[in-house]
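Here the structure comes first, spelled out in structure tokens, and everything after it is commentary.
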Amino acid sequence: IMWTMLGMTTLPHIGGFLGGLITRSEVKTWYTTIRKPSWRPPNAAFPVVWTCLYTGMGYGSYLVYKELGGLTEDAVVPLGLYGLQLALNWAWTPIFFGAHKLKWALVEIVFLTGTVGATMVSWYPISRTATLLLAPYLSWLCLATALNYCIWRDNPEKKDN
């Protein structure tokens, strides 16, 4: 059980780490050339925030897994939604920082935010603690969605492919 908890808590960090490899170079190059709102968080805040958010969501998934007795039939929806939001989370960075597709990143993050909301609704009857562990994540996604929108609005793409 200890290894399951550690594995599920660590899992979200894998995509975060891989996304960080893309982001690291783009933040110093492309990202400096685009217009961003004055209220955006400092670049140094993002790795700290994401470390906390990934840890919270990972541990929350473990609480749901444990409460439902593992990968049971009852776990299909709550852990399936969790897996979907995690895949959407990991996909955002390559779209925004890798491909520089600001509009598609915005569409994607709206779906991600909705999926996190749905995950929270599905988790609530199982574990309120797990649900609350996703609350800072949902809040951050609202900020990130607004940031993505402003960057898209203020940086018109030359040609949409």
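Cβ coordinates come from backbone N, Cα and C, glycine included.
A TrEMBL annotation is a machine prediction, not a hand-curated record.
Look at TrEMBL and you will find 6-23 (among others) tagged as transmembrane segment. Beyond the transmembrane segment (6-23), the same-chain residues lying 6 or more positions past its ends with a Cβ under 8 Å from any Cβ of the stretch are 46-47, 50-51, 54-55, 57-59, 61-62, 65, 86, 89-90, 92-94, 97-98.
Sequence annotations record features per position, and here TrEMBL assigns transmembrane segment to 44-65 (among others).
Marked as transmembrane segment by TrEMBL: 77-97 (among others).
Only residues 6 or more beyond the boundaries of the transmembrane segment (104-126), in the same chain, are considered here, and those with a CB under 8 A from a CB of the stretch are 60, 64, 67-68, 77-78, 81-82, 84-85, 88-89, 91-92, 95-96, 134-135, 137-138, 141-142, 144-145, 148-149, 152. Feature annotation from TrEMBL assigns transmembrane segment to 104-126 (among others).
Within the same chain, residues 34-37, 40-41, 49, 52-53, 56-57, 59-60, 63, 96, 102-103, 105-106, 109-110, 112-113, 116-117, 119-120, 123 sit at least 6 positions outside the transmembrane segment (132-152) and bring their C-beta atoms closer than 8 Å to a C-beta of that stretch. Per TrEMBL, the feature transmembrane segment maps to 132-152 (among others).
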- Query: List, by number or range, the same-chain residues at least 6 past the transmembrane segment (77-97) whose CB is under 8 A from its CB atoms?
  - Reply: 11-12, 15-16, 18-19, 22-23, 26-27, 30-31, 57, 61, 64-65, 68, 71, 104-105, 108-109, 111-112, 115-116, 118-119, 122-123, 126, 148
